[in-house]
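Taking it in order: structure first as structure tokens, then the write-up.
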Amino acid sequence: MELNVMDHPLVSHKLTLLRSVDTPSPVFRQLVEELVTLMAYEGTREVRIEPTTVTTPLTATEGVALTRPKPLVVPILRAGLGMLEGMMRLIPSAEVGFVGMARDEETLQPMTYAERLPKDLSGRQCYVLDPMLATGGSLGGTVEFLVRRGADHITCLCILAAPEGIENFRKLVRDLDVPCHLIVAGLDDHLDEHGYIVPGLGDAGDRLYGLAE
């Protein structure tokens with residue numbers, strides 16, 4: 001697994017605003033979108049391209065185009081949805097699939113409750129979106145799911161990660177025979193006894209969309 005912790009002043013600035021308890025949901029959503037677009041620039045560095053010819057107003061010239069099959073963006077529900085627009089802003093021709101993964105608050109293990117993905121992902125580059133890499137279970141379970149369907153290159157984008165989550169995720173994917181890249185905007189200190197990232201930014205889903213009773 002290849003880890004990239006982003007080092008950019010705008011990333012740090014937006015992450016600081018996201019952490020603030022005083023940032024309301026509408027502003028939080030906008031900041032997430034902006035931050036993910038910055039992350040997507042780095043995350044798509046290895047997106048597959050092929051030569052093509054384009055005609056300018058003056059002449060024909062060589063260029064590149066994204067290869068087929070198209071990249072697949074996979075937000076993990078529900079918080080991952082908040083990252084989708086920022087990703088699609090940079091790569092609008094990508095297709096989108098969904099995985100519903102929730103954490104059992106007693107065992108801290110991931111549970112899949114929904115999925116909407118192509119049955120065959122052979123030859124697909126997949127971009128998995130999950131704001132918080134805490135225990136690593138949800139992200140690792142999603143990556144394993146995609147690999148079983150044939151995905152051969154996976155990049156995961158997370159806004160925050162805990163060291164424990166990165167280590168657990170590394171263990172979960174180390175035996176997978178596909179390249180796996182992890183892009184994080186910030187690396188925090190640790191997990192608390194409830195499995196939450198500290199200092200963190202709170203529950204990303206609740207801060208994006210409010211608390212669903």
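Numbers here mean position along the shown chain, with the first residue as 1.
Cβ atoms are placed via backbone N, Cα and C, with glycine included.
Counting only residues at least six positions away in the same chain, the Cβ atoms of Ala79, Cys158, Ile159, Leu160, Ala161, Ile197, Gly200, Ala204 sit under 8 Å from the Cβ of Met132 (5-phospho-alpha-D-ribose 1-diphosphate binding site). Residues or ranges marked as 5-phospho-alpha-D-ribose 1-diphosphate binding site in Swiss-Prot (evidence: sequence analysis): Arg78, Arg103, Asp130, Pro131, Met132, Leu133, Ala134, Thr135, Gly136, Gly137, Ser138, Asp203.
A strand conformation is recorded for Ile197 (uracil binding site) in the three-state DSSP classification. Under the heading uracil binding site, Swiss-Prot lists Ile197, Gly202, Asp203, Ala204, citing sequence analysis as support.
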Other same-chain residues whose Cβ falls within 8 Å of the Cβ centroid of Ile197, Gly202, Asp203, Ala204, the recorded uracil site, in sequence order: Pro131, Met132, Leu160, Tyr196, Gly200, Leu201, Gly205, Asp206, Arg207
Three-state secondary structure, Ala134 (5-phospho-alpha-D-ribose 1-diphosphate binding site) (per DSSP): coil
